[in-house]
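Copied over from Swiss-Prot, here are the features:
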type     : residues : note
TOPO_DOM : 1-24     : topological domain 'Cytoplasmic'
TOPO_DOM : 48-61    : topological domain 'Periplasmic'
TOPO_DOM : 85-104   : topological domain 'Cytoplasmic'
TRANSMEM : 25-47    : transmembrane segment
TRANSMEM : 62-84    : transmembrane segment
Amino acid sequence: MNGTIYQRIEDNAHFRELVEKRQRFATILSIIMLAVYIGFILLIAFAPGWLGTPLNPNTSVTRGIPIGVGVIVISFVLTGIYIWRANGEFDRLNNEVLHEVQAS
């Protein structure tokens, strides 16, 4: 019984669409985050003096601090974007798959 349900889910066009869209979207977001993180690490490795330069002569806050915070903020934003799309389009496709499989 369960084997046939799993097979019907795998054969469902909406399920294949869901898997493809979710994988593509997650890959794009992962590549963006990886590029941001590697860029930050490369700055640390090859331009530590530039990162260590104060933003203002009257402060001890360096360029590296807001850039590091920016990396963290970007990760939160990308996570929020994924959640927003997952709760909308991906959940809709998931529900379509469930209704079609249960109806057949």
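Just so it is clear, glycine is given a Cβ too, placed from its N, Cα and C backbone atoms.
Residues 67 of the same chain lie 6+ residues outside the topological domain 'Periplasmic' (48-61) yet bring a C-beta within less than 8 angstroms of a C-beta in it. Note on the topological domain 'Cytoplasmic' (85-104): its mean pLDDT in the predicted model is 92. Counting residues per DSSP class in helix, strand and coil order gives 19 helix, 0 strand, 1 coil for the topological domain 'Cytoplasmic' (85-104). Panel annotation: around the topological domain 'Cytoplasmic' (1-24), residues 86, 89-90, 93-94, 96-97, 100-101, 104 of the same chain, lying at least six beyond its termini, place a Cβ under 8 Å from a Cβ of the stretch. Each residue of the topological domain 'Periplasmic' (48-61) gets a DSSP state, and the totals for helix, strand and coil are 4 helix, 1 strand, 9 coil.
DSSP assignment over the topological domain 'Cytoplasmic' (1-24) gives 22 helix, 0 strand, 2 coil. Listed as Cβ neighbours of the topological domain 'Cytoplasmic' (85-104) (distance under 8 Å, sequence separation of 6 or more from its ends, same chain) are residues 5, 8-9, 12, 14-15, 17-18, 21-22, 25.
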